[in-house]
C-alpha cells in the first residue's frame, strides 16, 4: 500500500494506518478544487502548484486515499487573478464538483475574497498568498472564517527577518557594510508593499537607515531610471521586494552594466528556475529568502527526486512543495476527522478545521503549525524560537547559476556559507 | 545629476523609445492605410519572439536564422490574417469594416496568445538572441543589446521611409491611405496593397518581438505591453501618422524615463496616460494629425 508513498514519509505512514483501520463503504472519489493562475504572468508558479497537487494526490491515493476514497484534482484557471476572477473560479469549483476543500497556491489582488467564498460555502480553504491581511480578516470574525488557513507565514515576517539577517551578516567577517543605508524597491502590489513597509518601519531598530524607497510598476522590466538613482547614492544593501523572477533577472542583467558595491537581496522570484535561466551568470551573488519553500535536507530528498523525475529537471519543486504539503496536511486532517465533509456541511467541515488547527505537521517545507490568532503558519526564527514549531524563514544565495542556490541561514538549516558577490570591487 | 547618470537615463529612454517606435510603426502602418486597428498585433509580436527562440534554441540554428525566422513567421501571420479574415470582412459593408475587423482581431489575438501558452507553457523563457556585455566609454556604460536595438530600429525606420517614399509599392500604399476609392479608380490594386501592408506589418511585429524579448523575456503576454504603448503613441501622434508616431514614441519614452527618475518609477505610465488625455482634449486628431486626413 505504501509503495507509492515516497515523499511524505511519516505522513504517508500515518494516513495509511488510519486507512487500514477504516472500513470504507464509500469509494467515490473526493473532488479537490484549486484556483490557480495557469496562464498570465504568474503561470510559472500556477503550473508548479498544480504539479505539487498532482504528486501529492498520486501518493495519497497510493496510500489508500482518504478512508478508502481516492482524491481527484480539479483546477480552474485564475489567469491575471484579482478578486472577481478568483472568486468566480472558486465558486465554479464548488458548484460544479462539490469540493469540500479548495487548495490554492497564491493569487494576487484578491483582497482575501477567497475567505468569503470558503465561509459562504462551508468548505476548507488553504492558500499560500503569504499575506498578513489573511490574519487581519480572520480576526474580524473567527467563527465565520473557521475553515480558512494560510499554509505559510504572512509576508510581514520578511521585514524583521531580512533586517536581522543583514545585521547578523554585517557583524560577521564575510561582509563589511560600507554604510548603514538600505534602498528598498517594492512593486505596486500588496505583498511587496507590506514587506517593504515592514523593513522601512523596523530599519532603525536594527541600525539601518533608508536611502531610497522606490515603488515600481507591477510587472516591470525597465529598471534604467531606478538603477540610475541607486548608482547616484550607493547603499550597503538593495532590497527588491518585487517578486516576479523574469523581472528580477532583468534587474540583475541591467544592474551589472554598472555595478555598485551593494548587496542585492530579492524577494521570492530568485527561487524559481526562470530567474537563473533568464539571468544566467548575472544572478551569481544574489541573496533571497522565502518563508515557504522545500528545504534542501535529507527529509525532503525523496520528494525533490520524485518531483523532478515526474515534471522534468527544470521544474520548480520549491513552489510545488507548497500545495504538496498543503494537500497532505488536509488529507490527514480529513481522515482524522472521519471524512472530508462537503459544501454546506458545517459540522463536519468544522471537525476537519479543528484537526488542521491542532496538528503540527513536518512537511518538506519545514514545520506547519497554525497560529490560532490568525490561522497562518508560525515563522521561525523571528516569530517563534523553536524550529519544531515554526516554518523556517530561509535565506539562500545564488553562488553558481548552473546549480541550485545555497541555503545560508538560519544556521540550524544552513548547508553553505555566504559568499561575497562577484560584482564587489 | 552627473553625466553618467544622465546618460544612463537617456540610454534607457532611447532604447525604450526605439522599441515603442517599432511597435508603433507596425500598428500605425495598418491603421493609416486600411483604417484597421489590428488588435492581434500584440500576439503577432509575441509569435515573432517565440519563432526566434524556436529556430535558435530548439532547432539549434544560428542566431541570424532565428532573426530571419521571426520575420518570416510575422509575415506569414500577416498574410494569413489578410487571407482568412480581412479579405472576407472587406466583402461586407465597408462602413462596418473598421469595427468588425477590430473585434475579429481581438479574437485572433486571444486565440494566438492561448495557442502560444499551450505550445510553450507559461514559464518565462530566455530569448537566445541577446548579446551580453557593456561597451564602456569612460564613465559611460552602453549595453551591447541596447546598441543593437537602437541600430536595428534606425535601419528599419530608414528602410520603411525609403519603401514608402521611393518605391512603386510605397506610392500605392500612400495613395490608398489618402483615399481608397480614388486610388482604386486610378488603377491601384487596393486589395494587393492591403495584403502587402499586413505582410510588412507582420514582419515588423516579428522583429519587434525579438527585440522586446531580448531585453525582457519570452512569455505569452509579451506583446501586450508594447501594443498598449504603441496605441498610446498612435493616439498622441494622430492615428495613421507614421513620422509623427515615431517622434511620439521617442519623445514619450524619454519623458517616461525622466519622470521615472525624477518623480518615481510608478509615475512613468500614468504620465503617458495623462499626455493622452491632454492630447485628446486639446488636439483630438493627435499632435501631428489633421482631422479626417491620414498620411503615411
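Each residue, glycine too, has its Cβ placed from N, Cα and C.
Range annotated as transmembrane segment by TrEMBL, chosen from B:101-122, B:167-188: B:101-122.
Beyond the ends of the transmembrane segment (B:230-255), by six or more residues, the same chain brings 10, 13-14, 16-18, 20-21, 23-29, 31-33, 35, 41, 157, 160, 164, 177, 271-273, 275-276, 279-280, 285-290, 294-296 to within a C-beta distance below 8 angstroms of the stretch. Proximity of distant same-chain residues to the transmembrane segment (B:67-89), defined by a Cβ-Cβ separation under 8 Å and at least 6 residues beyond the stretch ends, is recorded for 34, 36, 38, 40, 44-45, 47-49, 51-52, 54-56, 61, 97, 100-101, 104-105, 108, 129, 191, 194-195, 198-207, 209-210. The transmembrane segment (B:6-30) is not in contact with the transmembrane segment (B:101-122), judged by fewer than 3 CB-CB distances under 8 Å for residue pairs 6 or more apart in sequence. Counting only same-chain residues 6+ beyond the ends of the transmembrane segment (B:101-122), those with a CB under 8 A from a CB of the stretch are 36-44, 46-47, 50, 81, 85-86, 89, 218-221.
A Cβ distance under 8 Å defines the sequence-distant neighbours of the transmembrane segment (B:142-164), meaning residues of its chain 6+ beyond its ends; these are 11, 14-15, 18-19, 21-22, 25, 29, 130-136, 170, 173-174, 200, 204, 207, 211, 214-215, 242, 246, 296. Remote same-chain residues near the transmembrane segment (B:267-285) are listed as 229, 232, 235-236, 238, 252, 255-257, 259-260, 291 (criterion: CB distance under 8 Å, separation of at least six residues from the stretch ends).
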